[in-house]
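Data block below; observations after.
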Amino acid sequence: MALKQISSNKCFGGLQKVFEHDSVELNCKMKFAVYLPPKAETEKCPALYWLSGLTCTEQNFISKSGYHQAASEHGLVVIAPDTSPRGCNIKGEDESWDFGTGAGFYVDATEDLWKTNYRMYSYVTEELPQLINASFPVDPQRMSVFGHSMGGHGALICALKNPGKYKSVSAFAPICNPVLCPWGKKAFSGYLGTDQSKWKAYDATYLVKSYPGSQLDILIDQGKDDQFLLDGQLLPDNFIAACTEKKIPVVFRLQEGYDHSYYFIATFITDHIRHHAKYLNA
């Protein structure tokens with residue numbers, strides 16, 4: 001699978017690169033960003049996947065979060081894919097900001113219009129890691145995932161649906177119970193149809209209730225002044241309750257005064273990198 005390099009910039013001794021490739025799962029060209037720390041010049045490093053939120057591309061995280069210094073220090077290769085297929089000429093894909101382009105929701109669509117291209121779940125859990133493992137100096141046995149908002153939802157479901165695949169998981173302001181929130185209802189009905197039993201397969205709150213796997217140590221940061229929290233889009237309390245019931249450890253930090261933006265992410269990103277490094281470098 002040929003990679004085309006779009007850009008490369010030196011940063012904290014490492015290299016921030018962006019590549020384009022033809023995706024088999026998504027049937028279109030896709031871009032992803034990858035940061036190679038200095039350590040990657042001499043040895044294989046752990047891989048940490050970042051999943052971004054609604055309307056984002058591969059650029060938001062790498063330009064706004066300020067993660068590079070911590071990734072460099074801990075020797076982590078950090079991969080940030082785009083959030084949906086692009087330019088598939090599907091009717092309705094560009095009509096709204098919270099569905100279609102920039103809003104793949106990390107599911108494999110089953111509805112006719114979307115099922116050929118909108119397979120972000122398989123892309124981020126299978127195709128992209130295989131491509132990264134084959135193309136960069138990463139250790140395939142040491143992989144973790146984190147994300148923001150829609151991508152926080154993505155990170156949680158990737159970890160919960162694949163016990164043992166990811167060493168650790170964390171999220172900023174994740175959509176924790178999409179089956180019950182307006183964003184989730186819109187996306188899931190569009191991509192997965194009206195049968196709500198199918199929706200639960202991509203809902204962290206439901207997945208954690210039947211999680212059979214090895215112990216996960218989950219870190220979640222949530223801004224207390226996040227408008228989407230106040231609007232009932234994120235529903236972290238439902239997820240925390242389900243984790244408590246299953247005795248799955250989750251550190252949930254409600255951060256006074258913070259909103260949903262990348263200013264919030266940049267404030268706490270070093271904590272998250274450290275959280276993952278503890279497991280990836282163990």
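Cβ from N, Cα, C; glycine included.
Listed in TrEMBL:
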ACT_SITE  S149  active site, charge relay system
ACT_SITE  D226  active site, charge relay system
ACT_SITE  H260  active site, charge relay system
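Each residue contributes its Cα atom, and for S149 (active site, charge relay system) and D226 (active site, charge relay system) those atoms are 11 Å apart.
Cα of D226 (active site, charge relay system) to Cα of H260 (active site, charge relay system): a span of 5 Å. Cβ neighbour count within 10 Å across all protein chains ranks S149 highest among the active-site residues S149, D226, H260.
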